[in-house]
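J.: Dumping the structure here so I can ask a few things about it.
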Amino acid sequence: MEERNRTAFIQNLLKLVAPGTPLRAGIDNVLRAKTGGLIVLGYNSEMMNIVDGGFFINSDFSPAYLYELAKMDGAIILSEDGKRILYANTQLVPNNNISSSETGIRHRSAERVAKQTGNLTISISQRRNVITLYQGEYRYALKDIGVILTKANQAIQTLEKYKAVLDQGITNLGALEFEQLVTYSDVIQVIHRVQMVLRIKQEIQNFILELGDEGRLITMQLKELVSNTEQEALYLLKDYAKERTQDVKKTLKELTTLLNEDLLDEQAIIKALGYSRTSNFLEQPASPRGYRILHRIPRLPSQIIENVIDEYGHLSSVMVATEDQLDEVDGIGEARAKMIKDGLNRIQEQLFVDRHI
């Protein structure tokens, strides 16, 4: 939960101060001028108690105004959305009893103000060229764009490797499904790989938020790599969850919140699928319902797939059904029945060619 809250904090803040936003342009101007600065977003009742002196500005925000006002020693107070400058050259007097891990006066004041008020507080270092964000108990230092780009590119390369391993795992699983040789161990291995890919994706999305306008190419690469991974994961969970009515979106979210060490625990994934923990469960045969494979057949609507699974229950039963039998399913005519049979045969042939033995 703590890690999730911190991730949400970072994501919300980075949207405000990402490159390309007016606030970030103003902050960068202050950083380059080496004047330092202390900026608080929001003026609530708690803020009123700690603000002393200064000038009431109440003007629309602009990067140039922020730069000029930062030349004065005091703190600048903006509206909560950062679109208006409310006060300038104010002295902030937070409660000295609030603990702070910072050493510099400006950073210490920023941390205490953030803890006391819950407002976003931005401290711009005069000498170290560092921008630090505080809100409540959270602290985040913005990194140099070049450093972030390097890390984002490294993460994309890592994602490519993990995605290739995942794709091969899904191909192998598909081949086993047609041979009716799947065990829960095979399924859990693929779910684990899906989660690793989704976690790297989340990390790259944080980099993209921090890069702002500079992250367009990274965004395009990310979409190209993992555009269908989440949907594939949902079909996989629908295939193997104990109950067909299980909310697989909720299950996927629960798996995403597992700690890395818990994700390696196969029993945690078994529990998420709705099964009880037993010692030999992993080696038991698993029979997919067929959502993932049937969705690979072009122009086959989701409702028709639901009707097929309502009728047959599992992929193995669909595979042995004749065209005439499929024709009797609600919504499936002669043409669709032929399309399903041909589609399954084509997918099976392709999977057998592509899989690694």
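Here the Cβ of each residue, glycine as well, is placed from N, Cα and C on the backbone.
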J.: LEU92, ILE105, ARG106, HIS107, ARG108, SER109 show up in Swiss-Prot as binding ATP; which entry in GLY74, GLY82, GLY136 does that record put in the same site?
T.: GLY74
J.: Counting each residue once, how many in the domain 'DAC' (7-145) are helix, strand and coil under DSSP?
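T.: For the domain 'DAC' (7-145), the helix, strand and coil counts are 50 helix, 41 strand, 48 coil.
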J.: Please list, in sequence order, the residues in the chain of LEU92 (ATP binding site) that are at least six apart in sequence and whose C-beta is under 8 Å away from its C-beta.
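T.: LEU92 (ATP binding site) has long-range Cβ partners LEU38, VAL40, ILE50, VAL51, ASP52, ALA75, SER109, VAL113.
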J.: Which are the residues of the chain, GLY74, LEU92, ILE105, ARG106, HIS107, ARG108, SER109 excluded, whose CB is within 8 A of where the CB atoms of the ATP site average out, their centroid?
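T.: Here the non-site neighbours turn out to be LEU38, ALA75, GLY104, ALA110, VAL113, SER123.
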J.: Long-range same-chain neighbours of ARG108 (ATP binding site), Cβ under 8 Å, sequence gap at least 6?
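T.: Looking at Cβ-Cβ distances below 8 Å from ARG108 (ATP binding site), excluding near sequence neighbours, one finds SER100, GLU102.
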J.: With the cut-off set at 10 Å between Cβ atoms, which of these binding-site residues ends up with the most neighbours? Options: ARG106, HIS107.
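T.: Output for this query is HIS107.
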J.: Please identify, from the binding-site residues GLY74, ILE105, SER109, the residue with the sparsest Cβ neighbourhood, meaning fewest other Cβ atoms within 10 angstroms.
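T.: Counting other Cβ atoms within 10 Å of each of the binding-site residues GLY74, ILE105, SER109, the minimum falls on ILE105.
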J.: Over all pairs in GLY74, LEU92, ILE105, ARG106, HIS107, ARG108, SER109, the listed ATP binding residues, work out the largest Cα-Cα distance in Å.
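T.: Overall maximum Cα spacing for these binding residues reaches 14 Å.
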